[in-house]
Amino acid sequence: MPATEVNKDLQNERKKCTFKNEEFTVWWVGGEAKLKEKRFREKFFLGEPEFFDKVPLHFVSHKEVYEESVRKATVIFRKVKQMQEQGKDGVDNYMALLGGLLGSGIIKEGNPLGVHFVMFLPALMGHGTPEQQAEWIGKAWNCEIIGTYAQTELGHGTFIRGLETTATYDEKTKEFVLNSPSLTAYKWWPGGLGHTANYCVVIAQLYSKGKCHGIHPFIVQLRDEDTHMPLPGISIGEIGNKLGMNGVNNGFLGFEQVRIPRTNMLMKNAKLLEDGTFVKPPSSVLTYGTMMFVRVVIVRDMANYLSKAVTIATRYSCVRRQSVINPDQPEVQVIDHVTQQYKLFPAIAKSIIFKLTSDNLWDMYNQVTSELDKGDLERLPELHAIACCLKAVCTADAAQAVETCRLACGGHGYMTCSNLFGTYGMVTAACTYEGENTVLLLQTARYLLKVWTQAMKGQELVPTVQYLKSFISNKNQRQAWDDSVPGIIRGLQTVAAGKLRLAYEHIEQRKRSGYTQEEAVNLTSIELSRAADAHCRAFLVQSGYEMIEKSCTTLSPELGRVIRDIYELYAYDEAVKAVGDLLRFTTLSESDVTRLQQKLEDSLAAIRPNAVGIVDSFDIPDMVLGSALGAYDGNVYERLFEEAKKSPLNQEPVNKSFHMYLKPFMKSNL
């Protein structure tokens with residue numbers, strides 16, 4: 001877009017940038033080749049006329065939102081096939097089109113085929129035998145069948161051992177009989193289940209020879225492949241309107257004496273022989289592989305959604321002028337208020353740290369998965385623990401940060417066309433799906449309790465909990481405070497270790513008082529969840545620091561300085577928020593707190609000239625942002641007015657309600 005069309009305040013901000021945007025973008029997306037692919041993909045998809053909305057979706061009905069989302073989803077994957085025919089295939093296409101950037105720019109209310117690719121296919125790959133994969137994966141990959149993943153029920157979510165759906169083996173017919181024994185046993189929430197999918201992986205309690213063998217995955221046909229009508233015994237539909245994600249088509253599902261072949265039980269791990277004999281898997285945690293994969297993806301998606309929110313709010317804050325700082329001078333850009341900087345810049349830092357940590361987690365996931373294929377389960381519990389707490393902390397922090405960005409945009413941020421409301425709806429949903437956040441923190445805490453006992457015995461610890469050895473060897477004394485980033489990492493690790501030690505001791509005290517282990521853990525669960533949260537935050541600061549320092553060896557000094565400013569702000573912000581805990585577990589003093597606050601404020605000032613340059617370098621096209629407040633040209637007020645004119649209420653000068661209700665009311669002489 002020509003510079004003359006760009007808002008002058010925004011253009012002046014871009015002139016202040018001390019680094020080359022393109023270098024940042026190359027680093028951000030993972031290299032020149034990745035950037036070339038990204039921009040080709042965006043040009044290929046965003047130029048498609050079938051993706052343009054004639055009427056903004058927030059003005060149409062719930063039913064029309066779903067129908068439009070299905071239409072766009074089919075166009076998306078037809079175009080993916082076109083890319084494949086051009087030799088431009090790859091998993092990155094699917095990641096982009098199902099994620100929080102390009103995908104959400106095309107289908108703003110969520111993709112009804114998302115769970116098919118993100119959970120149904122991975123479940124087949126993770127739980128199916130080679131024979132089952134040969135039968136199902138080709139059909140699923142080519143979308144000859146559309147699947148979903150049905151685990152959560154109306155009465156049970158995170159506690160999957162409590163699921164009520166049953167799959168009872170009939171030895172005579174060599175079939176499973178699926179039943180929903182109560183209303184609360186109905187599957188509830190799976191994306192695409194309502195009217196989109198015709199198959200699904202169902203998680204059910206396996207019964208054979210009169211005994212329950214726990215939960216296992218089964219592939220079940222739900223609808224006729226030609227007519228799409230529900231099959232006999234299948235009760236299916238959509239659960240209704242939600243805060244966000246209304247294109248996803250979340251559904252309910254009940255079974256009444258539904259029979260499936262024995263071979264439809266996915267048997268890569270556990271197996272059921274023809275005579276009904278159950279064969280245990282080598283490890284019970286293998287069942288959770290699909291969920292771990294999704295949690296890894298969620299952390300990356302939080303970074304993507306948050307990068308959209310901070311781009312919108314930062315650009316708007318440079319265009320909006322509000323209040324004066326010096327009485328004899330004009331109104332200033334909102335971004336010049338330090339309180340506004342403190343709303344925006346830590347959120348920018350979070351989006352970057354979350355993305356780098358998701359890259360780190362992705363590498364760990366791939367490494368552990370390759371070890372699993374060799375029968376090595378040693379690091380699986382570590383991956384599960386860190387994925388649980390990262391999912392919990394990153395989704396909670398992202399939701400809070402998006403809401404802070406909305407508030408930073410004042411009244412205009414409340415408008416749907418800001419796209420902050422829609423972004424918040426997508427992000428806050430992640431706080432609950434794939435494991436409710438508090439429960440996930442407690443799962444991490446359970447792992448930490450185990451490694452704490454190992455550490456006390458002097459046993460070797462895996463990398464993410466190595467710091468516990470230092471804490472124990474330090475005789476549990478308060479850590480000497482150091483406000484460098486490595487010092488802050490040690491301080492936050494000391495907080496995590498100290499909280500874990502206290503939680504462990506309080507559990508033991510309660511057990512000595514007569515409580516069972518389970519009761520003692522429940523009574524100590526507030527402390528345990530806080531210990532897990534502290535463990536995760538220390539990991540995030542450490543991961544971000546290590547990833548950025550590694551990057552700086554290949555970047556220009558100008559860009560290196562900027563991204564160091566970012567992780568320093570992130571570290572100072574986490575430390576300031578943890579001041580009470582740091583006072584408790586380290587030698588932090590009042591003067592140290594004052595110095596820490598000053599370093600935080602200095603880091604805000606350091607980022608200020610580059611704020612627009614940083615969000616520009618995220619390289620998010622306007623159509624993906626979908627925001628009247630955050631467009632590249634900064635013409636906020638013109639875009640807001642154009643959006644207002646699109647309202648159906650503005651298509652006629654007088655609405656019929658005036659003649660039907662208002663006029664009679666006004667003439668009635670009350």
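Cβ atoms are placed via backbone N, Cα and C, with glycine included.
Automatic, uncurated: that is what TrEMBL annotation is.
TrEMBL has this to say about the protein:
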- 21-146: domain 'Acyl-coenzyme A oxidase N-terminal' (DOMAIN)
- 149-258: domain 'Acyl-CoA oxidase/dehydrogenase middle' (DOMAIN)
- T152, G191: FAD binding site (BINDING)
- 288-449: domain 'Acyl-CoA oxidase C-alpha1' (DOMAIN)
- E434: active site, proton acceptor (ACT_SITE)
- 488-667: domain 'Acyl-CoA oxidase C-terminal' (DOMAIN)
G191 (FAD binding site): tally of other CB atoms within 10 A of its CB: 26
Range from 21-146, 149-258, 288-449 with the greatest count of C-beta pairs under 8 A to the domain 'Acyl-CoA oxidase C-terminal' (488-667): 288-449
Euclidean distance between Cα atoms of T152 (FAD binding site) and E434 (active site, proton acceptor), Å: 9
For T152 (FAD binding site), the number of other Cβ atoms found within 10 Å of its own Cβ: 20
Number of other Cβ atoms within 10 Å of the Cβ of the residue listed as 'active site, proton acceptor' across all protein chains: 23
Number of helical, extended and coil residues in the domain 'Acyl-coenzyme A oxidase N-terminal' (21-146), per DSSP: 93 helix, 0 strand, 33 coil
